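Annotated in TrEMBL:
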- 2-89: domain 'GST N-terminal' (DOMAIN)
- 92-217: domain 'GST C-terminal' (DOMAIN)
Amino acid sequence: MQTLYQLYSLATPNGQKVSILLEELQLSYEAHLIDISKGGQFTPEFIAINPNSKIPALIDPTGDKGKKLCIMESGAILVYLAEKYKKFISPDPATRSKELQWLFWQMGGAGPMFGQFGHFTVYADKKHDLSYGQLRYKTEAIRLLTVLDTQLSKHSYVASDQLSIADFAILPWITCLDGFYHARESLGLDQFNHINRWCTELLSRKGLQKGMTICSR
Ligand SMILES: N[C@@H](CCC(=O)N[C@@H](CS)C(=O)NCC(=O)O)C(=O)O
């Protein structure tokens, strides 16, 4: 019998990367929108699934020896599904290590730094002096984009010439800089030719396109 996954998410970059993979793997799932602007992440029902009160979370109804498995942390969800279906993660230890390095680069670097950039430039209350935070995270965002662009000048995809979960993890953060944060000009996104080439190719994929829209408000 086919597994019917339960996804708890919102169409932010951390949520989108998981729905992208569910769509790309053509898995069956039910999507539940958790509206973090209305406190949906703090309900007892959601905390029972993710004690850290953040989207996304995934339930594999039979993942733990036939019993339900709750998975938090978007990177851990990507690794779980990719390993289970042996797709978008390489069986070769060296290539797999490169994929995980770039996944961790997104989870520990690009995601939190771009998130802070968005906080200080878009969401923070303008009654505070935001200039230091804005400069700090803009500088770091441009540094990270330069690292990614250089990496993408070497192969088709982030880790190698094979598409992997690292690409699915990073792409929504790039589209977020352009979309939610309106930062195409301020970050000079047009000058990152390799990132733009890679974005155009990934965004032409039907599964990825659908995954980006799941749990939109
Ligand atoms: N490291 C976590 C981060 C998840 C995260 O920060 N989610 C945000 C939305 S993108 C959230 O749920 N925020 C709600 C809150 O902070 O209360 C992951 O990748 O799953």
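From the backbone N, Cα and C atoms, a Cβ is placed for every residue, glycine too.
All annotation found in TrEMBL is predicted automatically rather than curated by experts.
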Secondary structure composition of the domain 'GST N-terminal' (2-89) [DSSP: H/G/I, E/B, coil]:
36 helix, 26 strand, 26 coil
DSSP says what for the domain 'GST C-terminal' (92-217): how many helix, strand, coil residues?
88 helix, 0 strand, 38 coil
